[in-house]
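Some notes on the structure that comes next.
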């Protein structure tokens, strides 16, 4: 039997998503497999991550799947996209999004300017290996390695302050998933600092290299502040646009665009 699923395609600075309202999904769907099928760029719709959302009384719940069918704990760009979608569909400008137990406070300043307060970050979590272990690995591949630091912003990030070519970023990103370093994998951020801006590339756990990463931007900004490389406010520069970042009372606030690409119907065999 073939069923129909309504979807929305959006992107944040090139980091693209297929977004589906949970009410349009049958309880019989294998969501992990559905995510893999819809994310496939040749036989599906194509995206970096598959997003399911559900409206509750005073918040929206967001569930995130990677293209390999695994779940993700946070996605800053998807949060901005979902906030814009809710604004377009309801007119709401102040929107609370919950991802697991993480509360994200969103404000739609205008259609192309969405702010997300992602809360505080942590530099001390059980999953984080010692700096010496990470440094010993990273210095094998890096030229002009300045610093490495782990950040937890609801999902795990390793920030490497160094320059690395894209083909090498892929190699390093994959090798850093080694279980002896990161038992559950890690998002790897390659950051260069210049004139209080961070030029950022991210290898995302479960997705690979993407054109932008909102949570990576937040983690890299927080790391840059902690290390004294930048001050607040600052700008994170990606290939297809920038995010404005600031710190207020220990909270990280991300601001940037979200783009509606298409609305459509996906036909699924059950």
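In case you wondered, yes, glycine gets a Cβ from its N, Cα and C as well.
When Swiss-Prot records 15, 66, 76, 77, 155, 187, 204, 205, 214, 215 as binding substrate, the matching candidate from 49, 167, 169 it lists for that site is 49.
Here the candidates are the binding-site residues 15, 187, 215. The one whose C-alpha lies nearest to that of residue 75 (active site, proton donor) is 215. Here residue 66 (substrate binding site) comes close to 35, 49, 50, 72, 204, 205, 206, 207: these same-chain residues lie at least six apart in sequence, with C-beta atoms under 8 angstroms from its C-beta.
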